[in-house]
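> Quick one: structure below, then a few questions.
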Amino acid sequence: MPVWLREHSWRQTLSAVHLSLPLRGARATPANIFCSEQYLKVSIPPFLFEAVLYAPIDDTNSTAKIGNGNIFFTLYKKEPAMWDSLTLANADKEKLQYLRENAVLKAQEKAKEETEAKKITKQEHKKYALEATMKLEEAERKRIEDLKEKERQKVTKELELWKNQQKDGDKYKSTQKKGELHQEIEPLKERKNEKMNKTMIPNEGTSKTRLKSTKGCHDSCSIFSQNLKEEQLPAPRAAATIKVNFTPRVFPTALRESRVAEEEEWLHKQAEARRIINSDLSELEDLKEEEKNPDWLKDKGNKMFAMGDYLGAVNAYNLAVRLNNKLPLLYLNRAACHLKLRNLHKAIEDSSKALELLTPPVPDNENARVKAHVRRGTAFCQLELYTEGLHDYEAALKIDPKNKNIEEDAEKIRHLIQGTMQSS
Amino acid sequence: SGAAGPDRPQVVSHVQQALSYTVFDCKWVPRSARLLCLGSAARGTGLVQLYELHGARLELLREIEKPKPIKCGTFGATSLQQRYLATGDFDGNLNIWNLEAPEIPVYSVKGHKEIINSIDGVGGLGIGEGAPEIVTGSRDGTVKVWDPRQNDTPVANMEPVQGESKRDCWTVAFGNAYNQEERVVCAGYDNGDIKLFDLKTMSLRWETNIKNGVCSVEFDRKDINMNKLVATSLEGKFHVFDMRTQHPTKGFASVSEKAQKSTIWQVRHLPQNRDIFMTSGGSGSLHLWKYEYPAQRSKKDSEGSEMGVAGSVSLLQNVTLSTQPISSLDWSPDKKGLCVCGAFDQTVRVLIVTKLNKI
C-alpha cells in the first residue's frame, strides 16, 4: 500500500497553478514525476501523490522544480480561468482510472512521436551530408577528367599534325616504291645505273650515318649512300651451334608446375623420418654400432633378399623398423620378402603401411607407390581375392600407365574374374 | 586512374578497338601512324591486320589471313624502304612478308618443331650496324638466328645438350650490336634460366636463373654497348641487370622489383629514353618505371675484380586497362609516348603517355 502524500499546498493565478509538494524526506528525480494534460502523479516508493486536475494544462511547458525536500510545480492552464479546486472533486474511481490510462497512453504517444521526429531529422542530416560529399567527389572527378580530356585533345592534334607530315613523306615514297618493286630482283649494278638516270627522288634518310629524318619534305639524299650500305653488309655468319644446359632442380618440373606445397611436405616427412630413433635403447644395447643404423640394416636386408635369404632379410627389416618405424621403404621391402615366403597377409599389411607412409603422392615417390600396389595386388591374388588384387593393379597402372607388365597382369586378373581363363 | 600529380606522366587511353580474334602481338609500322595486329582467328588460322590511326579511331586498311596462327612479329631486321614483317607462327615457321604483296612470303623456313614464342630482329631500320638478322625462340627449347640472305639453315643454333630434357624458350632479344662484329642474343626460359649468347665468339657468355619462368627480356638499346637488360617473370617480378660490368663469378649486378601478384608479360623500353620502360601485367595493368643509376656503376671486390653496382627503380605511373592480361606492348619509334597494347580481352588499345619530356 502506498503512502499518500497529502500535505500539498497550492496557489493559482488566471493562467497558472503553483503547487508545492513536500516530500517527507524522500529524494525525487525527474523520473518519478509523471504529468499529462489533466493528470499529475509523483511516485517515489513507497510514497505516492496523484491528482486529477480540475482543468487541462499545457504539460509540455509546465515545469517542476525539485529541491529542499519539496517539489514545486508550475502548471500553465490551457484555458485561463480560476479553478474552484486543484483536483476534480467528484471524480469517481472509474473516471480516475480512465484518466490515468489515457494520460499514460498520451505520454507514450508523445514520446514515440518525439523519437520519430528525431529519427527523421537525423536521417535528413545524414542525407544532406552524403549529398554534399558526393558533390565534392563528383567535382573532383570531373576536374581530373577534364584535365585528361584536354591532354587527349592536345595529343590528338599533335598526332594528326605528325601523321600528315608522314603522309606527305609517304606520298613520295609510294611513287618511288612502285618503281622500285620490280627492280629489286635485278642485280645491284643495274639498279644503280637505272637510278642514276632517273631524277633525284627525295628519299627518307635511311643511311647509317644517322641523319635525323626531318618531317615533311626530305632533303634529297644521295641514293648512292644507300647502295653503298648494301655493299658494306657483312656476309652471313658462318653457321655454328652452341650447346646449352638447363638449371637442374630437385624435382624435374619447373617451379610453377610443381606442387610445391606437397613436395615440401614429402621432403619434410622424409627428413623427419630419418631423425626418429624410437623404441627402448636398453634392448638394443648389445647391438653393434652399425646395427643401430636403419639404413645399414635396410641395405643388409636388400642384400639378403637378393641372395635368396628371405628370413634373414625379414629379420634385418624388423630390427630396422624397431629403430625407425617411419621409413616407408622398410615396409615395402619387407612386403616383398613376405611375398616370397608366402606370408600373404603380412605382405598385405606391410604394403598397406608403406602406402600410408608414402603420402602425399608426388612424382618423387611414384616408383615406390607402384611397387607397393603391385606387391599388395599380388598378395591378394594369391589369396584368390582377385577383385581386391585388380584394384591395386589398376592403381599401379594409374601411376605408371606405360608399364607393360602391370598391364598384362591386370588383364590376366580381369579374365580370371570373368572366369574365362584357368588360373595364371 | 593512377596518381594525378601535376608532373607525373599520365597514361591516356586514346583509341580502343575490339577485335574478333585473339591478338598475340601488336607492332607499329616504322615511320607511320599505322600499326599491325597479329593473332589467331577462331577457326585456327593466322591473322595480320593493318590499321591506321585517324583522329580518335583506327581504320582497318588490310586484313591478311594465313594458314597457321601467328604468335609474334618484328620489323627489326628490315630496311626502312622495304619494311618487311618477320613473323613466327604456331607451327614453328619463320616467314618474312612484304605487306604490299603478302600472298607469298619473301622468306620462309620451318625453323622449329614447335611454336615460335618470341622473335626479334636487328640490323634493320637504319639502327645499328652489321648484317640484318632475326632470332627466334621456341617451345622446342632451341634459339636460332637467321640471316634473310641464307635460306633453310640458321646462322646460329642454341640447342640443349644431347640427352638434356628441354625447357621452353619463352623470349629472345638482341643486344650489344654496336659495330659490325659484335652481337649478343639473350634468351629466357620457362624454368627461370636466362642465357646470354655471344654471336661473335659463338659461345655462352653468361647464364643465371631467376627461379620463375622468364616471360620477356629486352635490352634498353639493341645497338649500343650493352647497358641494361630487363627480364620479367611469373609472379609479378622483374629484374634489371647492369650489363656494363661482368664479374668473373657473380656475373651482372641486378635489382629486382615485385610489381604485382600476377605475371608480367612484357617489358618495353621507351625508344626515346632508354631509362624508362613499361611493363604489362596479367591483371590487365601497365606500369611505367624509371631506372636511376647509382653514384658509381662499378666497384672492386675483395679480390680486386670489377663488379657492377645496380641502381634503383621507381614507379612513375600505373593504370589498369583491362581484366585480362595485356600480352603485347609496343612503343611508337616515331612519336614519343605513343604506344599500342593488345590484351586477351580481344581488344587493342592505343595509349598516349604524357609528360615524358619532364622526366
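Including glycine, each Cβ sits where the backbone N, Cα and C put it.
As listed in TrEMBL for this protein:
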DOMAIN    A:3-87  domain 'CS'
COILED    A:88-165  coiled coil
REPEAT    A:370-403  repeat 'TPR'
> Quick one: average pLDDT across the domain 'CS' (A:3-87), no decimals.
83
> Residue counts in helix (H, G, I), strand (E, B) and coil for the domain 'CS' (A:3-87), per DSSP?
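DSSP composition of the domain 'CS' (A:3-87): 3 helix, 45 strand, 37 coil.
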> Tally the residues of the repeat 'TPR' (A:370-403) by DSSP class, grouping H, G and I as helix, E and B as strand, and everything else as coil.
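Summed by class, the stretch gives 27 helix, 0 strand, 7 coil.
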